[in-house]
Amino acid sequence: MGIDQRPLAIAVMGPTASGKTATAIALARQLDGEIVSVDSALVYRHLDIGSAKPDAAERAQAPHHLLDLRDPWQTYSAAEFAADASRVVVDIVARGKMPILAGGTGLYFRALLQGLSPMPEADPAMRAALAAEAAERGWAALHAELAQIDPAAATRIHATDPQRIQRALEVYRLTGTPITEWQRRPGVAPLPVRTLKLILAPHDRAVLHQRIEARFDAMLAQGFLDEVRALRAMPEMAAVEAPLDLPAVRAVGYRQAWEYLDGEGDAARFRDKAIFATRQLAKRQLTWLRGELDARWFDPHIDQERLAGAVSTFVAR
């Protein structure tokens with residue numbers, strides 16, 4: 001077998017609040033790299049505090065790409081991400097730099113590194129119909145429906161993951177073909193790079209939960225609710241008939257803040273709901289990450305030396 005001549009890239013993956021941003025910046029500084037965000041919330045302008053978007057000081061330490069691409073009333077698909085990220089990575093490599101892919105959106109990573117199956121575009125009317133059904137019957141009932149038409153998808157998609165349940169049923173109702181079958185079809189080619197996948201996750205789940213809670217409290221102190229109030233006050237957002245159906249507003253934390261500002265519950269309940277939703281997101285992310293069999297796992301707080309060794313070995317090949 002010949003030597004693999006593909007350019008190198010490093011993927012910094014992990015659940016929310018696991019320290020990906022700090023690690024990505026450190027690697028970019030060490031390896032003369034540039035960071036490519038792989039996060040579906042960070043593509044939206046005005047979603048800064050609640051998305052833990054790198055701030056000006058962090059961006060000054062290393063170039064960042066694919067932040068602030070869309071307004072929050074717009075949409076951005078995995079296919080658009082794969083095309084944009086591919087162009088950015090090719091440009092970074094052409095300039096002799098190291099691409100550092102950093103984020104926690106599994107669909108974006110799969111689209112970029114494994115290729116993307118052809119798939120029908122999102123249909124706002126169908127999504128609204130499914131959301132109305134869910135409001136009446138509950139997402140568990142729609143998950144049971146998915147299990148009847150696409151058992152493989154229902155096994156992969158947790159009953160508490162409404163966004164993916166909605167997408168799977170949307171694809172089936174639009175085309176009559178299960179999403180699992182669509183995913184088997186050849187589509188967009190994967191990015192031609194050799195990638196070291198680093199997964200950051202505390203060994204103790206309780207530590208991650210503590211980090212999630214502390215980070216959310218810090219976001220509140222930084223003015224997260226004022227950020228959401230400003231979003232709601234934008235004329236373009238006010239004109240949206242069902243803002244809770246927008247991908248930007250469905251982002252964890254933002255949905256709970258939006259509902260709270262709509263008058264649902266008190267401040268303590270809002271905080272509890274947002275922290276719970278973030279923990280559920282982390283759980284789903286860890287489930288996806290366990291399927292990344294070619295990745296290496298590190299606790300960012302105690303495995304720094306081992307992580308540095310893995311990176312050194314990879315770039316020296």
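Quick reminder: no glycine exception, Cβ is built from N, Cα and C everywhere.
A C-beta separation below 8 Å, combined with a sequence spacing of at least six in one chain, links Pro15 (ATP binding site) to Gly104, Ala201, Leu208, Leu281, Ala282, Lys283, Gln285, Leu286, Leu289. The ATP binding site feature in Swiss-Prot is assigned to Gly14, Pro15, Thr16, Ala17, Ser18, Gly19, Lys20, Thr21.
The substrate binding site feature in Swiss-Prot is assigned to Thr16, Ala17, Ser18, Gly19, Lys20, Thr21. Sequence-distant contacts (6 or more apart, same chain, Cβ under 8 Å) of Gly19 (ATP binding site) comprise Leu200, Pro300, His301.
For the region 'Interaction with substrate tRNA' (39-42), the list of distant contacts is 50-51, 53, 66-68, 76, 81, 102-105, 107-108, 247-248, 251-252, 254: same-chain residues at least six beyond its ends, Cβ to Cβ under 8 Å. What Swiss-Prot records for 39-42 (among others) is region 'Interaction with substrate tRNA'.
In the three-state DSSP scheme, Thr105 (site 'Interaction with substrate tRNA') falls into the coil class. Around Thr105 (site 'Interaction with substrate tRNA'), the same-chain residues at least 6 positions away in sequence with a Cβ under 8 Å from its Cβ are Val38, Asp39, Ser40. Residues annotated as site 'Interaction with substrate tRNA' in Swiss-Prot, with sequence analysis given as evidence: Thr105 (among others).
Here Swiss-Prot flags Arg127 (among others) as site 'Interaction with substrate tRNA'. All protein chains shown were included, and the count of other CB atoms within 10 Å of the CB of Arg127 (site 'Interaction with substrate tRNA') stands at 17. A helical conformation is recorded for Arg127 (site 'Interaction with substrate tRNA') in the three-state DSSP classification.
Residue counts for the region 'Interaction with substrate tRNA' (163-167) by DSSP state, with H, G and I taken as helix and E and B as strand, are 5 helix, 0 strand, 0 coil. The region 'Interaction with substrate tRNA' annotation in Swiss-Prot covers 163-167 (among others).
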Substrate site, defined by Thr16, Ala17, Ser18, Gly19, Lys20, Thr21: further same-chain residues with Cβ within 8 Å of the Cβ centre: Gly14, Pro15, Ala22, Ala52, Gly104, Leu200, Arg211, Pro300
Cβ within 8 Å of the mean position of the Cβ atoms of Gly14, Pro15, Thr16, Ala17, Ser18, Gly19, Lys20, Thr21: remaining residues of the chain near ATP: Gly104, Leu200, Ala201, Pro300
Binding-site residues (Thr16, Ser18, Thr21), the one with most neighbouring Cβ atoms at 10 Å: Ser18
Distance [Cα-Cα, Å, rounded] between Gly14 (ATP binding site) and Arg127 (site 'Interaction with substrate tRNA'): 29
